[in-house]
(Lines of atoms letter the chains of each structure in order from A and count residues from 1; the text may use other names and numbers.)
(Lines give C-alpha, C1' and ligand atoms only; values in the text may rest on other atoms or scores of the structure.)
Protein backbone atom coordinates (compact mmCIF):
# COMPACT_ATOMS: atom_id res chain seq x y z
CA UNK A 1 0.00 0.00 0.00
CA UNK A 2 1.05 3.62 -0.41
CA UNK A 3 1.95 5.33 2.85
CA UNK A 4 -0.34 8.24 3.65
CA UNK A 5 1.26 11.70 3.93
CA UNK A 6 -0.34 12.53 7.30
CA UNK A 7 1.46 9.71 9.12
CA UNK A 8 4.91 9.98 10.67
CA UNK A 9 7.50 10.57 7.93
CA UNK A 10 9.08 7.29 6.93
CA UNK A 11 12.21 6.37 5.01
CA UNK A 12 13.07 3.81 2.34
CA UNK A 13 14.63 0.72 3.94
CA UNK A 14 17.08 0.39 1.02
CA UNK A 15 18.37 3.88 0.13
CA UNK A 16 17.31 5.72 3.34
CA UNK A 17 15.62 8.54 1.42
CA UNK A 18 12.76 10.26 3.23
CA UNK A 19 9.18 10.03 2.05
CA UNK A 20 9.08 13.63 0.80
CA UNK A 21 12.24 13.05 -1.28
CA UNK A 22 10.66 10.37 -3.49
CA UNK A 23 7.50 10.06 -5.58
CA UNK A 24 6.15 6.90 -3.95
CA UNK A 25 6.96 4.88 -0.85
CA UNK A 26 5.56 1.34 -0.80
CA UNK A 27 5.08 -0.37 2.57
CA UNK A 28 5.64 -4.02 3.42
CA UNK A 29 5.84 -5.93 6.73
CA UNK A 30 8.07 -3.54 8.74
CA UNK A 31 9.93 -2.37 5.59
CA UNK A 32 9.48 0.32 2.94
CA UNK A 33 10.78 0.70 -0.60
CA UNK A 34 10.72 3.81 -2.79
CA UNK A 35 9.95 4.07 -6.51
CA UNK A 36 13.63 4.79 -7.31
CA UNK A 37 14.80 1.54 -5.70
CA UNK A 38 12.04 -0.37 -7.50
CA UNK A 39 13.25 1.02 -10.85
CA UNK A 40 16.84 0.12 -9.95
CA UNK A 41 15.78 -3.47 -9.16
CA UNK A 42 13.96 -3.69 -12.47
CA UNK A 43 17.07 -2.46 -14.33
CA UNK A 44 19.24 -5.08 -12.58
CA UNK A 45 16.79 -7.88 -13.40
CA UNK A 46 16.56 -6.75 -17.02
CA UNK A 47 20.37 -6.71 -17.34
CA UNK A 48 20.64 -10.20 -15.84
CA UNK A 49 17.99 -11.44 -18.27
CA UNK A 50 20.03 -10.07 -21.19
CA UNK A 51 23.16 -11.82 -19.91
CA UNK A 52 21.27 -15.09 -19.45
CA UNK A 53 19.82 -14.83 -22.97
CA UNK A 54 23.28 -14.15 -24.37
CA UNK A 55 24.65 -17.24 -22.61
CA UNK A 56 21.85 -19.38 -24.02
CA UNK A 57 22.37 -18.25 -27.62
CA UNK A 58 26.19 -18.12 -27.50
CA UNK A 59 27.98 -20.67 -29.67
CA UNK A 60 31.69 -21.37 -29.46
CA UNK A 61 33.46 -20.66 -32.77
CA UNK A 62 35.22 -23.65 -34.34
CA UNK A 63 39.05 -23.85 -34.33
CA UNK A 64 39.07 -22.94 -38.03
CA UNK A 65 36.92 -19.86 -37.40
CA UNK A 66 39.11 -18.80 -34.45
CA UNK A 67 42.23 -19.21 -36.59
CA UNK A 68 40.63 -17.24 -39.43
CA UNK A 69 39.95 -14.25 -37.13
CA UNK A 70 43.46 -14.50 -35.66
CA UNK A 71 44.79 -14.19 -39.23
CA UNK A 72 43.10 -10.77 -39.49
CA UNK A 73 45.21 -9.41 -36.63
CA UNK A 74 48.32 -11.59 -36.25
CA UNK A 75 50.88 -12.06 -39.03
CA UNK A 76 52.64 -15.42 -39.37
CA UNK A 77 52.93 -17.85 -36.42
CA UNK A 78 50.69 -20.37 -38.21
CA UNK A 79 51.53 -23.33 -35.95
CA UNK A 80 51.02 -21.28 -32.77
CA UNK A 81 47.65 -20.00 -34.04
CA UNK A 82 46.52 -23.53 -34.82
CA UNK A 83 47.57 -24.83 -31.39
CA UNK A 84 45.85 -21.91 -29.61
CA UNK A 85 42.65 -22.22 -31.65
CA UNK A 86 42.28 -25.91 -30.79
CA UNK A 87 43.23 -25.39 -27.12
CA UNK A 88 40.79 -22.52 -26.59
CA UNK A 89 37.97 -24.32 -28.40
CA UNK A 90 38.47 -27.42 -26.23
CA UNK A 91 38.63 -25.29 -23.07
CA UNK A 92 35.25 -23.60 -23.67
CA UNK A 93 33.68 -26.85 -24.87
CA UNK A 94 34.80 -28.30 -21.54
CA UNK A 95 32.99 -25.43 -19.77
CA UNK A 96 29.78 -26.23 -21.64
CA UNK A 97 30.16 -29.88 -20.67
CA UNK A 98 30.72 -29.06 -16.98
CA UNK A 99 27.75 -26.66 -16.88
CA UNK A 100 25.47 -29.27 -18.46
CA UNK A 101 25.87 -31.39 -15.31
CA UNK A 102 27.56 -34.33 -17.01
CA UNK A 103 30.23 -36.00 -14.90
CA UNK A 104 30.73 -39.40 -16.53
CA UNK A 105 34.18 -38.27 -17.74
CA UNK A 106 36.23 -35.64 -15.90
CA UNK A 107 37.78 -33.17 -18.33
CA UNK A 108 40.87 -31.38 -17.01
CA UNK A 109 41.72 -27.76 -17.77
CA UNK A 110 44.56 -27.16 -20.24
CA UNK A 111 46.43 -23.91 -19.64
CA UNK A 112 48.89 -22.73 -22.28
CA UNK A 113 52.58 -21.73 -22.35
CA UNK A 114 53.80 -19.54 -25.24
CA UNK A 115 57.55 -19.40 -25.85
CA UNK A 116 58.81 -16.77 -28.27
CA UNK A 117 61.08 -13.73 -28.60
CA UNK A 118 60.05 -10.19 -27.65
CA UNK A 119 57.64 -8.67 -30.14
CA UNK A 120 56.65 -11.96 -31.78
CA UNK A 121 52.94 -11.61 -30.97
CA UNK A 122 52.37 -13.54 -27.72
CA UNK A 123 50.34 -10.80 -26.03
CA UNK A 124 48.42 -9.93 -29.20
CA UNK A 125 47.40 -13.57 -29.66
CA UNK A 126 46.00 -13.75 -26.12
CA UNK A 127 44.18 -10.40 -26.45
CA UNK A 128 42.66 -11.36 -29.80
CA UNK A 129 41.45 -14.71 -28.45
CA UNK A 130 39.58 -12.93 -25.65
CA UNK A 131 38.05 -10.53 -28.19
CA UNK A 132 36.90 -13.40 -30.44
CA UNK A 133 35.28 -15.23 -27.53
CA UNK A 134 33.89 -12.05 -25.90
CA UNK A 135 35.21 -12.97 -22.46
CA UNK A 136 36.90 -10.78 -19.80
CA UNK A 137 40.66 -10.49 -20.27
CA UNK A 138 43.49 -9.19 -18.14
CA UNK A 139 47.27 -9.14 -18.32
CA UNK A 140 49.87 -9.41 -15.59
CA UNK A 141 53.63 -9.02 -15.56
CA UNK A 142 55.20 -11.90 -13.66
CA UNK A 143 58.18 -9.74 -12.67
CA UNK A 144 55.96 -7.52 -10.49
CA UNK A 145 54.60 -10.45 -8.46
CA UNK A 146 55.90 -11.63 -5.07
CA UNK A 147 54.75 -14.08 -2.44
CA UNK A 148 52.11 -12.84 0.00
CA UNK A 149 53.69 -10.93 2.87
CA UNK A 150 56.49 -9.39 0.81
CA UNK A 151 56.76 -6.01 -0.92
CA UNK A 152 55.25 -6.38 -4.38
CA UNK A 153 51.99 -7.49 -5.93
CA UNK A 154 49.95 -10.47 -4.70
CA UNK A 155 48.80 -13.05 -7.23
CA UNK A 156 45.24 -12.33 -6.00
CA UNK A 157 45.56 -8.87 -7.57
CA UNK A 158 45.56 -10.58 -10.99
CA UNK A 159 42.13 -11.99 -10.15
CA UNK A 160 41.01 -8.54 -8.99
CA UNK A 161 41.92 -7.07 -12.38
CA UNK A 162 39.95 -9.84 -14.11
CA UNK A 163 36.96 -9.00 -11.90
CA UNK A 164 37.31 -5.35 -12.84
CA UNK A 165 37.41 -6.30 -16.54
CA UNK A 166 34.17 -8.24 -15.96
CA UNK A 167 32.64 -5.22 -14.14
CA UNK A 168 32.58 -7.33 -10.95
CA UNK A 169 30.30 -9.91 -12.58
CA UNK A 170 31.71 -12.99 -10.81
CA UNK A 171 30.06 -15.53 -13.14
CA UNK A 172 31.51 -13.75 -16.17
CA UNK A 173 34.98 -13.40 -14.61
CA UNK A 174 35.06 -17.14 -13.89
CA UNK A 175 35.05 -17.76 -17.66
CA UNK A 176 37.75 -15.20 -18.47
CA UNK A 177 41.31 -15.37 -19.77
CA UNK A 178 44.40 -14.29 -17.82
CA UNK A 179 47.67 -13.69 -19.67
CA UNK A 180 50.81 -13.72 -17.51
CA UNK A 181 53.78 -12.26 -19.37
CA UNK A 182 57.49 -12.84 -18.73
CA UNK A 183 57.08 -16.07 -16.75
CA UNK A 184 60.66 -16.90 -17.72
CA UNK A 185 61.73 -14.11 -15.32
CA UNK A 186 60.29 -16.02 -12.33
CA UNK A 187 62.49 -19.04 -12.97
CA UNK A 188 64.33 -20.08 -9.83
CA UNK A 189 67.91 -18.91 -9.63
CA UNK A 190 69.36 -22.41 -9.37
CA UNK A 191 68.29 -25.78 -10.73
CA UNK A 192 68.60 -27.19 -7.20
CA UNK A 193 66.09 -26.14 -4.51
CA UNK A 194 67.52 -23.30 -2.43
CA UNK A 195 67.54 -23.04 1.37
CA UNK A 196 67.00 -19.26 1.09
CA UNK A 197 63.63 -17.73 0.25
CA UNK A 198 63.22 -16.83 -3.43
CA UNK A 199 60.17 -14.56 -3.10
CA UNK A 200 60.15 -13.29 -6.69
CA UNK A 201 61.12 -16.54 -8.44
CA UNK A 202 60.19 -19.97 -7.18
CA UNK A 203 57.99 -18.36 -4.51
CA UNK A 204 55.80 -16.74 -7.19
CA UNK A 205 55.56 -20.01 -9.10
CA UNK A 206 54.31 -21.68 -5.91
CA UNK A 207 51.80 -18.87 -5.35
CA UNK A 208 50.44 -19.22 -8.89
CA UNK A 209 49.96 -22.99 -8.64
CA UNK A 210 46.62 -23.00 -6.83
CA UNK A 211 44.86 -20.34 -8.89
CA UNK A 212 46.06 -21.94 -12.13
CA UNK A 213 44.90 -25.42 -11.11
CA UNK A 214 41.56 -24.26 -9.74
CA UNK A 215 40.59 -22.95 -6.33
CA UNK A 216 38.04 -20.68 -4.70
CA UNK A 217 40.14 -17.58 -4.08
CA UNK A 218 39.25 -14.73 -1.73
CA UNK A 219 39.76 -11.61 -3.79
CA UNK A 220 39.98 -8.21 -2.03
CA UNK A 221 37.87 -5.79 -4.10
CA UNK A 222 40.07 -2.83 -3.11
CA UNK A 223 43.46 -4.43 -3.66
CA UNK A 224 44.32 -6.44 -0.58
CA UNK A 225 47.07 -5.38 1.73
CA UNK A 226 46.01 -1.76 2.28
CA UNK A 227 42.44 -2.64 3.32
CA UNK A 228 42.60 -5.69 5.63
CA UNK A 229 39.05 -5.18 7.01
CA UNK A 230 37.22 -5.27 3.66
CA UNK A 231 34.84 -8.02 2.54
CA UNK A 232 36.29 -10.51 0.06
CA UNK A 233 34.80 -11.68 -3.24
CA UNK A 234 34.87 -15.47 -3.69
CA UNK A 235 36.12 -16.36 -7.18
CA UNK A 236 36.38 -19.92 -8.49
CA UNK A 237 39.38 -20.15 -10.84
CA UNK A 238 38.65 -23.69 -12.05
CA UNK A 239 37.35 -22.46 -15.41
CA UNK A 240 39.63 -19.46 -15.95
CA UNK A 241 42.05 -20.03 -18.84
CA UNK A 242 45.64 -19.08 -18.02
CA UNK A 243 48.03 -18.30 -20.87
CA UNK A 244 51.65 -17.75 -19.85
CA UNK A 245 54.29 -16.25 -22.12
CA UNK A 246 58.01 -15.62 -22.08
CA UNK A 247 61.09 -15.24 -24.27
CA UNK A 248 63.08 -17.94 -22.41
CA UNK A 249 66.41 -16.57 -23.62
CA UNK A 250 69.06 -19.30 -23.54
CA UNK A 251 66.71 -22.29 -23.53
CA UNK A 252 67.98 -23.24 -26.99
CA UNK A 253 71.42 -23.87 -25.43
CA UNK A 254 69.82 -26.18 -22.84
CA UNK A 255 68.05 -28.13 -25.61
CA UNK A 256 71.25 -28.31 -27.66
CA UNK A 257 73.30 -29.65 -24.74
CA UNK A 258 70.66 -32.30 -24.03
CA UNK A 259 70.43 -33.47 -27.63
CA UNK A 260 74.23 -33.17 -28.16
CA UNK A 261 73.37 -31.30 -31.35
CA UNK A 262 76.08 -28.64 -31.33
CA UNK A 263 75.53 -25.58 -33.48
CA UNK A 264 79.27 -24.94 -33.91
CA UNK A 265 79.27 -26.60 -37.31
CA UNK A 266 76.29 -24.51 -38.39
CA UNK A 267 77.89 -21.29 -37.20
CA UNK A 268 80.94 -22.01 -39.35
CA UNK A 269 78.74 -21.92 -42.45
CA UNK A 270 77.67 -18.32 -43.08
CA UNK A 271 75.00 -19.47 -45.54
CA UNK A 272 73.00 -21.19 -42.79
CA UNK A 273 70.13 -19.13 -41.36
CA UNK A 274 70.70 -18.98 -37.58
CA UNK A 275 67.06 -18.14 -36.90
CA UNK A 276 66.00 -21.24 -38.83
CA UNK A 277 68.40 -23.32 -36.73
CA UNK A 278 66.90 -21.92 -33.51
CA UNK A 279 63.39 -22.71 -34.75
CA UNK A 280 64.38 -26.32 -35.39
CA UNK A 281 66.04 -26.56 -31.96
CA UNK A 282 62.92 -25.25 -30.16
CA UNK A 283 60.84 -27.96 -31.85
CA UNK A 284 62.79 -30.46 -29.71
CA UNK A 285 61.70 -28.76 -26.45
CA UNK A 286 60.99 -31.19 -23.59
CA UNK A 287 59.66 -30.76 -20.04
CA UNK A 288 63.12 -31.39 -18.61
CA UNK A 289 64.47 -28.38 -20.54
CA UNK A 290 61.95 -26.09 -18.84
CA UNK A 291 62.87 -27.62 -15.47
CA UNK A 292 66.55 -27.01 -16.12
CA UNK A 293 65.71 -23.43 -17.12
CA UNK A 294 64.21 -22.87 -13.67
CA UNK A 295 60.49 -23.66 -13.77
CA UNK A 296 59.43 -26.05 -11.02
CA UNK A 297 57.81 -29.35 -12.17
CA UNK A 298 54.49 -28.51 -10.48
CA UNK A 299 54.27 -25.20 -12.38
CA UNK A 300 55.08 -26.88 -15.71
CA UNK A 301 52.41 -29.47 -14.92
CA UNK A 302 49.78 -26.69 -14.83
CA UNK A 303 50.74 -25.74 -18.42
CA UNK A 304 50.17 -28.91 -20.46
CA UNK A 305 49.99 -27.13 -23.83
CA UNK A 306 53.31 -25.63 -24.95
CA UNK A 307 53.86 -23.92 -28.30
CA UNK A 308 56.66 -21.78 -29.71
CA UNK A 309 56.58 -18.59 -31.78
CA UNK A 310 59.13 -17.71 -34.45
CA UNK A 311 61.26 -14.60 -34.80
CA UNK A 312 59.64 -12.17 -37.23
CA UNK A 313 61.66 -11.41 -40.38
CA UNK A 314 61.65 -8.16 -42.39
CA UNK A 315 58.84 -9.30 -44.70
CA UNK A 316 56.62 -10.17 -41.73
CA UNK A 317 57.27 -6.80 -40.07
CA UNK A 318 56.36 -4.92 -43.27
CA UNK A 319 53.14 -6.93 -43.45
CA UNK A 320 52.37 -6.09 -39.80
CA UNK A 321 52.75 -2.40 -40.64
CA UNK A 322 50.16 -2.44 -43.42
CA UNK A 323 47.93 -5.53 -43.66
CA UNK A 324 46.12 -6.41 -40.37
CA UNK A 325 42.82 -4.72 -39.47
CA UNK A 326 44.61 -2.78 -36.74
CA UNK A 327 47.80 -2.19 -38.79
CA UNK A 328 49.95 0.60 -37.39
CA UNK A 329 50.20 2.58 -40.64
CA UNK A 330 46.40 2.37 -41.10
CA UNK A 331 45.96 3.84 -37.62
CA UNK A 332 48.29 6.78 -38.26
CA UNK A 333 46.70 7.45 -41.66
CA UNK A 334 43.29 7.62 -39.99
CA UNK A 335 44.61 10.05 -37.35
CA UNK A 336 45.90 12.39 -40.06
CA UNK A 337 42.63 12.00 -41.98
CA UNK A 338 40.68 13.14 -38.91
CA UNK A 339 42.64 16.40 -39.11
CA UNK A 340 42.01 16.75 -42.87
CA UNK A 341 45.59 15.82 -43.71
CA UNK A 342 47.07 12.87 -45.56
CA UNK A 343 49.89 10.50 -44.65
CA UNK A 344 51.88 8.58 -47.26
CA UNK A 345 54.49 5.98 -46.25
CA UNK A 346 56.52 4.75 -49.23
CA UNK A 347 57.30 1.04 -49.63
CA UNK A 348 61.03 1.68 -49.25
CA UNK A 349 60.28 3.52 -45.99
CA UNK A 350 58.30 0.54 -44.68
CA UNK A 351 61.28 -1.72 -45.34
CA UNK A 352 63.63 0.74 -43.62
CA UNK A 353 61.33 0.84 -40.56
CA UNK A 354 61.30 -2.97 -40.45
CA UNK A 355 65.10 -3.07 -40.69
CA UNK A 356 65.35 -0.59 -37.83
CA UNK A 357 63.10 -2.76 -35.62
CA UNK A 358 65.18 -5.84 -36.46
CA UNK A 359 68.40 -3.99 -35.59
CA UNK A 360 66.93 -2.99 -32.20
CA UNK A 361 65.69 -6.59 -31.66
CA UNK A 362 62.30 -5.30 -30.52
CA UNK A 363 60.22 -7.25 -33.05
CA UNK A 364 56.74 -5.93 -33.85
CA UNK A 365 56.58 -4.18 -30.47
CA UNK A 366 59.12 -1.58 -31.60
CA UNK A 367 57.39 -0.59 -34.84
CA UNK A 368 54.95 1.89 -33.29
CA UNK A 369 57.64 3.75 -31.35
CA UNK A 370 59.73 4.14 -34.52
CA UNK A 371 56.79 5.66 -36.44
CA UNK A 372 55.79 7.83 -33.45
CA UNK A 373 59.32 9.26 -33.45
CA UNK A 374 59.26 9.92 -37.22
CA UNK A 375 55.89 11.69 -37.08
CA UNK A 376 56.25 13.55 -33.79
CA UNK A 377 56.92 16.99 -35.30
CA UNK A 378 54.24 16.53 -37.97
CA UNK A 379 51.63 15.52 -35.38
CA UNK A 380 52.69 18.42 -33.15
CA UNK A 381 51.91 20.85 -36.00
CA UNK A 382 48.90 18.91 -37.26
CA UNK A 383 46.61 21.96 -36.99
CA UNK A 384 48.77 23.65 -39.65
CA UNK A 385 48.67 20.62 -41.94
CA UNK A 386 45.05 20.83 -43.13
CA UNK A 387 44.89 19.99 -46.84
CA UNK A 388 48.56 18.96 -46.64
CA UNK A 389 50.23 15.64 -47.46
CA UNK A 390 53.00 14.24 -45.24
CA UNK A 391 55.25 11.75 -47.02
CA UNK A 392 57.67 9.40 -45.25
CA UNK A 393 60.51 8.16 -47.47
CA UNK A 394 63.45 5.87 -46.83
CA UNK A 395 65.69 8.91 -46.28
CA UNK A 396 63.26 10.22 -43.65
CA UNK A 397 63.50 6.92 -41.76
CA UNK A 398 67.30 7.04 -41.96
CA UNK A 399 67.27 10.55 -40.50
CA UNK A 400 68.73 12.22 -43.59
CA UNK A 401 65.77 14.54 -44.24
CA UNK A 402 62.56 15.71 -42.55
CA UNK A 403 59.13 14.37 -43.60
CA UNK A 404 58.11 15.87 -46.95
CA UNK A 405 55.07 18.18 -46.76
CA UNK A 406 53.15 19.10 -49.92
CA UNK A 407 49.72 20.54 -50.69
CA UNK A 408 46.79 18.29 -51.53
CA UNK A 409 45.40 19.73 -54.76
CA UNK A 410 41.65 19.31 -55.17
CA UNK A 411 41.01 21.00 -58.54
CA UNK A 412 37.64 22.40 -59.60
CA UNK A 413 36.09 21.47 -62.96
CA UNK A 414 37.66 24.51 -64.72
CA UNK A 415 41.13 24.07 -63.27
CA UNK A 416 40.95 20.35 -64.06
CA UNK A 417 40.51 21.14 -67.79
CA UNK A 418 43.38 23.64 -67.72
CA UNK A 419 45.61 21.17 -65.90
CA UNK A 420 44.70 18.43 -68.41
CA UNK A 421 45.57 20.78 -71.30
CA UNK A 422 48.93 21.60 -69.74
CA UNK A 423 49.67 17.92 -69.21
CA UNK A 424 48.96 17.26 -72.93
CA UNK A 425 51.67 19.73 -74.03
CA UNK A 426 54.82 17.74 -74.83
CA UNK A 427 57.85 18.57 -72.72
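Note: Cβ is positioned from N, Cα and C throughout, glycine not excepted.
Features as listed in Swiss-Prot:
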- 1-53: domain 'ClpX-type ZB' (DOMAIN)
- 12, 15, 34, 37: Zn(2+) binding site (BINDING)
- 117, 118, 119, 120, 121, 122, 123, 124: ATP binding site (BINDING)
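The structure, with features from Swiss-Prot marked on it.
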| residue | record | DSSP (3 states) |
| --- | --- | --- |
| 12 | Zn(2+) binding site | coil |
| 34 | Zn(2+) binding site | strand |
| 117 | ATP binding site | coil |
| 122 | ATP binding site | helix |
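Same-chain residues with CB within 8 A of the center of the 117, 118, 119, 120, 121, 122, 123, 124 CB atoms, the ATP site residues themselves not counted, are 116, 245, 309, 363, 364, 365. Neighbour counts were taken as the number of other C-beta atoms within 10 angstroms of each residue's C-beta; across the binding-site residues 12, 34, the minimum falls on 12.
Other than 12, 15, 34, 37, the residues of this chain whose Cβ falls within 8 Å of the Cβ centroid of the Zn(2+) site are, in sequence order, 13, 14, 16, 17, 22, 25, 32, 33, 35, 36, 38. Of all the binding-site residues in the record (12, 15, 34), the one with the smallest CA separation from residue 120 (ATP binding site) is 15. Of the recorded residues, residue 34 (Zn(2+) binding site) and residue 123 (ATP binding site) place their C-alpha atoms 48 Å from one another. Recorded residues residue 123 (ATP binding site) and residue 37 (Zn(2+) binding site) have their alpha carbons 43 Å apart, per Cα-Cα distance. Every protein chain considered, the tally of other Cβ atoms within 10 Å of the Cβ of residue 122 (ATP binding site) stands at 25. Taking CA atoms as the reference points, residue 37 (Zn(2+) binding site) and residue 124 (ATP binding site) are 43 Å apart. Across the domain 'ClpX-type ZB' (1-53), mean pLDDT in this model comes to 76. Comparing the binding-site residues 118, 120, 123 by how many other C-beta atoms lie within 10 angstroms of each C-beta, the top residue is 120.
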